[in-house]
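Marked as transmembrane segment by TrEMBL: B:15-36, B:43-63, B:100-125, B:145-167, B:212-230, B:260-280, B:292-318, B:338-360.
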Amino acid sequence: MKKVLSLAIVFAFVMMVVFAAVPAAAQDTRVGIVLSTGGLGDLSFNDAAYRGLQRAEEELGISFDYIEPADPSEDQTALRRFASRGYDLVIGVGFQMADSLTTVAGEYPDTKFAHVDQFFEDIPENIVSLNFAEWEGSFLAGALAALTSESGNVGFVGGVDFALIHRFEGGFYQGARYINPDIEIQSRYADDFGDPARGREIALGMIDDGADVIYHAAGGTGSGVFQAAEEEDIYAIGVDSNQNYVAPGYVIASMLKKVDNAVFDTVKSVVEGNYQGGNNLYFTLADGGVDLTSLTEVGQPVLDAHENGTITDEGLETIREMKENVTSPYADRIAEIKEMIINGEIEVENWGETGRPDNL
Amino acid sequence: MNNYSEKIKSVLTDLGLSLLSIVIALIVGTLFIFLTDKSPLDAYSALYIGAFGNFSAIANTLWRSTPLILTGLAVALPFRAGLFNIGAEGQLLMGGFTAGVVGFYFTSLPAFIHLPFAIIAGMLVGGLWGGLPGFLKAKMDVHEVIATIMLNHIAIALTINYGINIFRDTGRPATPRIMESASMFNFKNIMDYPLLSNLPFAELFAQPAIRLHINFFLALIAAVILWYLLFKTTLGYEMRAVGFNPDGAEYGGINASKGIITAMFISGAVAGLAGVGEVLGTHLSFMQGMDAGYGFTGIAVALIGQTHPIGVILGGILFGALAQGGLEMQFSGIPSEIVMLIQALVIFFVAALQVFKVYLAKRKAKGGVE
């Protein structure tokens, strides 16, 4: 009886998938994504990966499903369910999923996998790993911070003290020093990616010590940094996604990590049949994988936030004014530096590999 | 004889009430599922199939329930001695971290030494982490709730924030992987052992999706030992007497401090074993996020299980099934928020129906008088 019931349900599920999948022509590609524990709504890479899949759904006619695991024990089970149900591409997001993904990829050699944000030493043939040259983008953030700072004192708030975040810190540090070799740089770690209250405390402490531009690479903890910037009337720089609308007028730019583009490109490669597994890919300034938001124009995500009522007309106006008065004077300088990084005149060190220098 | 049938009757009533409350919770949950435009029938069949639908689902439900049974026991035992152990989370972390470090640090020990060594080291450190607030309570009357909460914070800082940074060798926020010789037996590898592969139904376990490891049986053994300790030994009698009436017990010649310290030490060791199992059996390294709030969920498990070791096992399996089936619900299109909401409803109603039981008992007593 139980068997009949479960068979019936499996059948119903199959029918659902089959009939839901009628519209577009190339509708046969299915993508499953397992997000990292932060889940949707982190305004950061989970959201960005999701946007990439939404775009792929619209433009390439794929279909996708996502899972938000409640804790790391669920990662493997979730990945395996997608693989066992014959999804064409299974994506895992976040460094803590790397082990689980390797295990499951070993069990399903014919399924294609992708991973966001972890370099694989010994990468299996059916995994493509999407990494980002955060240090290059953060270099621009550091340069901008040093240019806009009046006190000659800038701050960096990191999520957790480890290699991935050291890449952001290192880029920021080198960028700020490039503009002003005597600049004072405060650097602190919150030990948490989801604790805005702690982010705010750290930022307030930095402001007390004279910082007037603060860059964060701390996920949800960063919203506390924005709050502190707004309270104390100083500037902040966002990370990962365009966060310029979060505290209108106080977030002067965001270092973009275009997880959405990388995910979209990977899906596209699967649809078009030229997926190349066994590679650690790096997306850089040169190919637009990392970048700084425009210093002169208001970006689309900000306009969208205005459209759906997240920010008011006034907020949008404040952001426009800020761009005009604060950041646009430096647009040419930053563009020049970006060009120099791309053609190799400036070499940015990756602290994720070289290690964080002890005497800062 | 009459006593036994009374007992069986009350256990059956308890079970019936728990089942009833699960059904009520699921009915209330349908309201929330309607918010998502999905069919509650699909959602609940996914919950059921995910938790009990086939052999590997059942095995994984038991796997998920393992740390919950252990933390539930770690809360239940001191509860009987009149202590509220909020510190299972910290004890779990300390135990797990110790096992993780022992697991990778010693590279050339044979498995029959390395594994027991890692388990015992983890349980010992967990036990000390629990025994410390017990000692403070017994000797200096420091309230155990405050002491254990603060020790949780210290444990988090010491293991996740500081400890991982000392030992990690890659960008991964975890200690290095443990040696093969320190890993717990995983049932999916059953065919690698000639002795075990001849057992009947052994091949059922040999599926890669099965994650059940031997710690589930250690948890069951721990439950039986605690049951024996509580109800069949003098020490257990003394603990329960202290919990029932500390002053009365002292007056009756029972050494209350001994009971308090022992109860907290054992409870810490049991919570430590939960962490040990997660590290040596599930994740194969001490990683950030592996605690997953088990120490706090353990409080609910203990209370639902009426702080009786056997009840705690059932409570742990209920929570494990909700966790395991909840993931499957997400696959049927229910957002993770609604899944968590339904899990919380089930727990809420199971706890709340105890109220109904009290009401029944009162009415019966009244009827007796009239």
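Placement of Cβ uses the backbone N, Cα and C atoms for every residue, glycine included.
Of the two recorded stretches, the transmembrane segment (B:338-360) lies close to the transmembrane segment (B:15-36), with three or more CB pairs under 8 Å once pairs fewer than 6 apart in sequence are set aside.
The stretch in B:15-36, B:100-125, B:145-167, B:212-230, B:292-318 that contributes the largest number of Cβ pairs under 8 Å to the transmembrane segment (B:260-280) is B:100-125.
The largest share of C-beta pairs under 8 angstroms with the transmembrane segment (B:15-36) comes from B:292-318, of the ranges B:100-125, B:145-167, B:212-230, B:292-318. Sequence-distant contacts of the transmembrane segment (B:212-230) (same chain, at least 6 residues past either end, Cβ-Cβ under 8 Å): 59-60, 62-63, 65-66, 69-70, 73, 76-77, 80, 184-188, 205, 236, 239-240, 266, 270, 273-274, 276-277, 280-282, 308-310, 312-313, 316. Packing against the transmembrane segment (B:292-318) from elsewhere in the chain are residues 14, 18, 22, 61-62, 65-76, 79-80, 86-92, 152, 219-220, 223-224, 226-227, 230, 271, 274, 278, 346-347, 350-351: each is 6 or more residues past its ends and has a CB under 8 Å from a CB in it. Same-chain residues lying 6+ beyond the ends of the transmembrane segment (B:145-167) with a Cβ under 8 Å from its Cβ atoms: 84-87, 89-91, 93-94, 96-97, 101, 104, 129-130, 132-133, 136-137, 173-176, 286-288, 291, 295.
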